[in-house]
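> Quick one: structure below, then a few questions.
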Amino acid sequence: MNRESFAAGERLVSPAYVRQGCEARRSHEHLIRLLLEKGKCPENGWDESTLELFLHELAIMDSNNFLGNCGVGEREGRVASALVARRHYRFIHGIGRSGDISAVQPKAAGSSLLNKIANSLVLDIIKLAGVHTVANCFVVPMATGMSLTLCFLTLRHKRPKAKYIIWPRIDQKSCFKSMITAGFEPVVIENVLEGDELRTDLKAVEAKVQELGPDYILCIHSTTSCFAPRVPDRLEELAVICANYGIPHIVNNAYGVQSSKCMHLIQQGARVGRIDAFVQSLDKNFMVPVGGAIIAGFNDSFIQEIGKMYPGRASASPSLDVLITLLSLGSNGYRKLLKERKEMFSYLSNQIKKLSEAYNERLLHTPHNPISLAMTLKTLDEHHDKAVTQLGSMLFTRQVSGARVVPLGSVQTVSGYTFRGFMSHTNNYPCAYLNAASAIGMKMQDVDLFIKRLDKCLKAVRKEQSKESDDNYDKTEDVDIEEMALKLDNVLLDTYQDASS
């Protein structure tokens, strides 16, 4: 509805009513205009009517939605199912062109605009979350692992001699396989135990750089967000090493946007040293479906190079999901979620601490990890290994997702590399433990229900252990009685034989 349409409507309905409707529409259009002008996340979230109006206006700019369109190419945005078309708000052409994921498509102005706005909003949120000097970023329709691979492949052209990636160990398969998939040899740097925490071995990293030679190292691949007792890598010190030796630095920041501590580490690393790109997951940080990531960095031209490395067009779904989410929340809504996550972390920490003490266990002291917590399972592990894994199974069958039990001595082979003590980020962690994390969107009732179910599971495992111990004791006692009876029989037999002779 434009001005002429409203004027025509005044001949059918009272002009006063039409003008009122026109003003109501203008309030929606005002929000859309501010978004296009500023390219920033609105402070307050939009309602669904504004969002749907905006998406509809964008969609009708794509050629597949033109009323008189005649498509004779091999890819004309045709969709067989109306349900599929509605699911995607009729954005069918995707984003980017064959040479650049950020390029504008001539036949899809609306989808191209959607892509640009989504990238702009995400950049604004990254700054809001703590990385104030980030220069550029883009949404890529791949999860974190493949997005890291794209970064490594972009660096390959800059460093033709390189064949190694230095990687402080974190027991998570996708980030390890991202290096293998890119065709490089991971050089695993074992972590060092400091108290309960597993921290970056900076001396080992620098020694390996000197041993292999900077020209033969593609990059250092560090990590922020991780499962306790591992903590975020020493990003500032690693960034200085990278700057001193002229080595690129790629950071796996999978679920770090929600943590001010992780974002501060990235900001400081870029300030004192070198960070080329940092990658974060969309689903873990923005509560959207799995399948998207954000590649960001402090050098605009390098981030553009990564975008140009992506082959072909790409799905617009992750960009659409995060755009809708951020416009619904607004910057104030996202800030509120970050604040609530911090509060839930403290609450979860206190509740696990109380429960662990009730079972003669303890909450591991990992102050450098702002998201994940770990509780020892020493008393279970002392009896036998099966009790630890049994606890994990019991939690899962009771609909507790996300909690991990980590037994001692687990061995796992990933892409031909064998890791001892897999899941614990080190070969020989002192004890078995259970992980839980306070991620964005967690509510107090989630924590309370988890603690209640964990308590029940621990009681059940302890009860079973006690029963097994009693059974074993009874069996041992029976064997002892049988042995004593046999000895007594032998003594009596010897006595009888002596008397007979």
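Positions of Cβ are set from backbone N, Cα and C atoms, glycine also.
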> Among 96-106, 382-392, 459-469, 470-480, where does Swiss-Prot put the label region 'Phosphate loop (P-loop)'?
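The listed stretch tagged region 'Phosphate loop (P-loop)' in Swiss-Prot is 96-106.
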> How many Å lie between the Cα of Ser98 (substrate binding site) and the Cα of Lys463 (tRNA binding site)?
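On Cα coordinates alone, these residues lie 62 Å apart.
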> Fill in the CA-CA distance, Arg271 (tRNA binding site) to Lys284 (N6-(pyridoxal phosphate)lysine), as an integer in Å.
26
> Starting from the substrate site formed by Arg97, Ser98, Gln105, Arg313, give every other residue of that chain whose CB sits within 8 Å of the mean position of their CB atoms, in sequence order.
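Nearby residues not in the site list: Gly94, Ile95, Gly96, Gly99, Asp100, Ala103, Gly312.
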> C-alpha of Arg97 (substrate binding site) to C-alpha of Arg75 (pyridoxal 5'-phosphate binding site): distance in Å?
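About 13 Å separates the two Cα atoms.
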